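Here is what TrEMBL says about this protein:
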- 52-118: domain 'HMA' (DOMAIN)
- 123-183: domain 'HMA' (DOMAIN)
- 192-258: domain 'HMA' (DOMAIN)
- 283-304: transmembrane segment (TRANSMEM)
- 324-342: transmembrane segment (TRANSMEM)
- 354-373: transmembrane segment (TRANSMEM)
- 549-568: transmembrane segment (TRANSMEM)
- 588-608: transmembrane segment (TRANSMEM)
- 908-930: transmembrane segment (TRANSMEM)
- 936-957: transmembrane segment (TRANSMEM)
Amino acid sequence: MGGGSMESRAFLMSCLGGRPHYPSMPRYPKKLGGELADGAADLEARPEPEKRVALLTVLGMTCAACAGSVEKAIKRLPGIHDAAVDVLNDRAQVVFYPAFVSEDTIRETIEDVGFEATSIKEIKGMTCTSCTNTVESALQAVPGVHKALVALATEEAEICYDPRFASANQLIEAVEDTGFEATLITTGEDRNRIQLKIDGTFYSRYISMVKSSLQALPGVDDINIDPVLRKVTVSYKPDQTGPRNFIEVIESTGSGHLKASIYPEAGGKELHKGDEIKQYYHSFLWSLVFTIPVFLTSMVFMYIPGIKHLLEKKVVNMFNIGELLRWILCTPVQFVIGRRFYIGSYKALQHGSANMDVLIALGTNAAYFYSLYSVLRAATSPNFMGTDFFETSSMLISFILLGKYLEILAKGKTSEAIAKLMNLTPETAILLSYGNEGNVVSEREIDSRLIQKNDIIKVVPGGKVASDGFVIWGQSHVNESMITGESRPVAKRKGDAVIGGTVNENGVLHVRATHVGSESALSQIVRLVESAQMAKAPVQKFADRISKYFVPLVILLAFFTWLIWFLAGKFNSYPKSWIPSSMDSFQLALQFGISVMVIACPCALGLATPTAVMVGTGVGASQGVLIKGGQAFESAHKVNCVVFDKTGTLTTGKPVVVSTRLLKNMVLRNFYEYVAAAEVNSEHPLAKAIVQYAKNFSTDEDNHIWPEARDFTAIAGHGVKASVANKEIVVGNKRLMVELGIRIPIEASEILAETEGMAQTGIIVSINQELTGIIAISDPLKPGAPDVISLLKSMKVKSIMVTGDNWGTANAIALEVGIDTVIAEAKPDQKAEKVKELQMSGLVVAMVGDGINDSPALVSADVGMAIGAGTDIAIEAADIVLMKSNLEDVITAIDLSRKTFNRIRMNYIWALGYNIIGIPIAAGVLFPFTRFRLPPWIAGAAMAASSVSVVCCSLLLKNYKRPKKLDTLRMSEVVVN
């Protein structure tokens, strides 16, 4: 853990050194494993606390305010480093220090806020930004919480906290205190962790035997045994051991009485989502059982003379049978079926925030309790003539439950892309055993989760590849479209890499597993997409700001609406004829006030960004374009300048030697012996091309041993020098020769000019300070590169090429591809400086490179795109990872970002327009002119429909198609395996 520990410690120091202290957060202890004083020096001496990431499922969140409450509650816990909550996926991600807080404490905190929490931390019930803000606030209020991020779309929270002062249970409690359900998804350290179920006679003495036997295995980090559940949890290093070893050890313990297998999964987030859908569905159906009779007695039977007479029959004084029936039928809807709104509003108000539940509870209670007042007055007074609104209360709750049910169904559709990715791994695999002579001696079917590193897996025609690895026998074509977006099957033969989850089309392959479990490309993609969906776009801050004041403002508007209409009626400011025959001025004013309260919808605003980002990231992933969240979408849609690296980006990245010109009399084989000996230690693509070409002069290309090179030095951006067989060898560009004082004859300059004019790179070789030869290397353009540059121009995006190559070659390549602006002979740090200069000129810059030697420029750019990543998708420097080497994916990324951001704009226009238009109509602005008024139950139905419509609008992104012009490009795509 050396590297990770240093990184963690540095981060801890920067966080804790000048950290503010809040009254609710305990101060850091003066002792931590030894004597500590205050100050930076002591922090450096402090033993580094272990940091973990907890992912929780939080159930019950309905909006961004709910998520905010959960996040705030978790952040109040001690030991919390950071936290984030995502409403759409019911998920919270918490970074914490387990020495000071446990996962149980995090979970308990979420539950205290009013939500149900388990591992992962998923948050259920959030519907708007008001919910997420409530959850975030609750998490951030937990002592030790450094940061909490709540994502409405994914219904997840990511929490970073100090485990010395907070635990997972405390974070979950903080969320659940806000009225939402939270569950722990994962703590991050369990990526290489497996749970095994023990069957058979499990005596207590076996516990210590199993634990000690497992601990004796190399690579086992931690063991936890739960004798009640008969569950063994093992954390391990996959390059040293694996689950089959654990099963063998367990079954060999206890005289053969024990059997071990993979512990059955509980169903995870999908099960929780299904439960939530069922809850809303059943609640809606039960509400209909009571609401339909209420509706009939109040609005239908009153027009049927016989039934009307029966309903108007008095029970006591003016209290009739119809009112009695409506009261009896409405009460269970209000207080039993609708109790979730009471719980949610109470928890939200308890934590100083207000969400959609508060508006629903206030609106329905106003209707119910006024109706109760009316029937009690009728029962106690012989002259009272009043009207009840019981139908308003019950119909409101029914329509809102229906809206929430439809909203959850629609939200579930937004995560289909990631669900499909997670289901790509086959359930079983065929494990082969090879004999000493390299022949297959046995094969057996195993659970794919039992695959270990270096296992040999057989892949049959039509079967799925069970693990990342490389082919050791056989040849076939593999469909990788579900991972990389590559439309055509890719040929595979011995030595080629394959990706887990892809489909073998024909032929049989034997694959050696190299990356298993959490290390696989598929697992990395899923984590990257999940992380992207957690990240908030800057535009989301707009909704967050509105949500803070939205509900209180609506309550004030509703109150003043009622007050104005009531006073207007009291002082006869409008004709009596305006008042419906079944009402008085107070009741008319009350209906206007309730309509305002229930039509207002913060949920649509909160869902506008995260749902679009969620669908967009899923669509991108399906096409091999991995976009790391809302920030990347927002920046990419503004891009008006793309800077391309040359080698491996505009060109194939596979340079080859095309000619050699010797300027001294010597044998070509000896020349390449010297050059290859100097270049063999270099990682540069041109050096590798030279070494590969030099092997042509060897009798044994595979096992050739080059002469020893002493005093090897690589000069970044220029070349190398070394001592080979007592001769000083310098291989590099013209600038390096000039700097070392090596004379370049006129003949050599002419050869270089000729080489560069053909878009080739001239590599100069000097032996003992004398220029000996020039090697011409060609790196062909990628097919279709000129078409992509042309298409970018049509999109009003400027293209620039930056390269470390010489100006002659760079200009020739630029002319061939159609780029007008060239920056040549630039070192990696100079590329970053050029990007910054372009930004200072007002351009929004995307940098496209290989993600390795272009990292400084990728980080400096507004949007960094790593192209040709293949299975290496965890490129930290890039905002967008393009898994293939196709330049057309650059256009796809920009176009998808523009489409996604346009969808976000449309969502906001709809959400804001709905509230801006709907609230005044509900308040009665049209009533004086048209006598049109919006009954509360219709207002409630409109509110429920608004958030559903926003989610459905985002779902339209699933129909995204690449620009039609791309389909006309006849590109021979280069696939990176």
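A Cβ is built for glycine as well, from the same backbone N, Cα and C atoms used for every other residue.
Remember, it's a predicted structure, so these values are computed and weren't measured experimentally.
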Among 324-342, 588-608, 936-957, stretch most in contact with the transmembrane segment (549-568) (C-beta, under 8 angstroms): 588-608
Contact check, the transmembrane segment (588-608) vs the transmembrane segment (936-957), 3+ Cβ pairs under 8 Å, seq sep 6+: yes
Secondary structure tally of the domain 'HMA' (192-258) (DSSP, helix then strand then coil): 23 helix, 22 strand, 22 coil
The domain 'HMA' (192-258) [mean pLDDT, rounded to integer]: 83
Same-chain residues at least 6 beyond the ends of the transmembrane segment (936-957) whose Cβ lies under 8 Å from its Cβ atoms: 127-128, 360, 363, 367, 389, 391-392, 395-396, 399-400, 402-404, 406-407, 410-411, 413-414, 591, 594-596, 598-601, 603-604, 607-608, 611-612, 614-616, 619, 899-900, 903, 906-907, 910-911, 914, 918, 922
